[in-house]
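Input: a single structure, listed below in structure tokens.
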Amino acid sequence: MNGGRDLALSAADVKLKAKAKSISMPRSNLALKQRERSKTLSFRRTGVSAEVFTGKEKFEKKVVEKDEDTKMRIRAVLQKSCLFQHVDQEQLETIVEAVEEVHFNEGDVIINQGEPGDNFYCIEMGAAEAWITKPGSKRPEKVKQYSSGETFGELALLHNAPRAATVKASTDCVLWAVDRSTFRAIIMTTTRHKREMYESFLKEVPLLKSLNNYERATIADVLEPEYFGAQHNIVVEGGKGDKFYLIEEGEAEARTQGKVVMHYKRGDYFGELALLNDAPRAATVTTLTKCKVASVNRDQFKAKFRFTAPDGLQSRIVVQRLLGKLEDIMQRKKENYEKMNAESAVSPASAPFSPAAAEESPPSPTNKTLHA
Ligand SMILES: Nc1ncnc2c1ncn2[C@@H]1O[C@@H]2COP(=O)(O)O[C@H]2[C@H]1O
């Protein structure tokens, strides 16, 4: 692996290098076609404008021949990705038929920042990394590491925009490529809708303030809207917890042993322990009004933000930042519970704890170990 050196080369150098490599090693037709196509496209398209998706784009089903065994492997990889969670059986089969297997060697550039997007990729085997060269800078920065089961290349297709990052193979890779029109016809509607729906809300969530726009957008992929009437117990003390909740609309309160310990409003969250471990629910959370919440399932969250490599990588940083912060907050909550319990022995009228206030207080010196 040669780190970011290749990426500091000019786009022309990278193309030449890719061309030289393609002569010396066997490649799938798609990988070759793709390089040719991206070259032609970069001449044909002089500018890329944002596009309004009407949901009525014409789409012709693509079929790439493959055996049943291969189809099963593709289904298994696709079903692991949260971008595919909402496709029905028929849509999944359409994607499975259209998907093309592509191979890249260690160091190959799979996606070039600034070029138009043709495919969305899912890693079957191997690892890749995303690098961004910021405007005015010549040095690319590594922003993400991918391993098998993970996906990339969705942004250019979702927004009809140039590639936002360069993605290169950090080992030999086998990828499943979903072509632009299949992606747009099937996956785009739900993904883009979800990212747009949660974009402004997630910016308001204090817990997520330290994340960048792309990290917040990918959190939107794992959020599910849930609706509750007033006086509904969303989680019950002592019960099993596997979801984390963000309040989008409405108010709720948490009680432990019948005593109100928290009050929640828009932007607040609860059930965070479930993201970290299997501990039983520490409180009962009851809606005070009608509530709309965005929930995150622990397995999906971990699948999306799991550690992918031993060094300091972006997905790990997201988890670290998010979970590290959660740990701080949980520790402060615990201290607050203890304080309140001590106070309530003296005065029964202590005010419920506010999560926003907890975040404003200085962090406690917790040991920020990472949770896989
Ligand atoms: N911080 C980031 N900003 C933008 N794209 C990123 C980032 N990290 C990873 N990527 C991925 O890199 C891909 C490059 O191609 P796309 O722009 O189509 O989609 C992009 C994302 O899938």
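Keep in mind that glycine also has a Cβ here, set from the backbone N, Cα and C atoms.
The 3',5'-cyclic AMP 1 binding site feature in TrEMBL is assigned to GLU154, ARG163. Around ARG163 (3',5'-cyclic AMP 1 binding site), a 10 Å sphere centred on its CB holds 22 further CB atoms from the protein chains shown.
Among the features that TrEMBL reports, 3',5'-cyclic AMP 2 binding site is placed at GLU272, ARG281. Counting every protein chain shown, the number of other Cβ atoms lying within 10 Å of the Cβ of GLU272 (3',5'-cyclic AMP 2 binding site) is 23.
The compositional bias 'Low complexity' annotation in TrEMBL covers 342-361.
Taken residue by residue, the domain 'Cyclic nucleotide-binding' (83-204) breaks down under DSSP into 42 helix, 39 strand, 41 coil. The domain 'Cyclic nucleotide-binding' annotation in TrEMBL covers 83-204 (among others).
The domain 'Cyclic nucleotide-binding' annotation in TrEMBL covers 207-302 (among others).
Positions annotated as region 'Disordered' by TrEMBL: 338-372.
Break the domain 'Cyclic nucleotide-binding' (207-302) down by DSSP state and the numbers are 20 helix, 40 strand, 36 coil.
Here GLU154 (3',5'-cyclic AMP 1 binding site) is positioned 36 angstrom away from ARG281 (3',5'-cyclic AMP 2 binding site), judged by their C-alpha atoms. By the rule that a residue counts when its Cβ sits under 6 Å from some atom of ligand 1, the binding-site residues GLU154, GLU272, ARG281 yield GLU154. When the alpha carbons of ARG163 (3',5'-cyclic AMP 1 binding site) and GLU272 (3',5'-cyclic AMP 2 binding site) are compared, the span between them is 34 angstrom.
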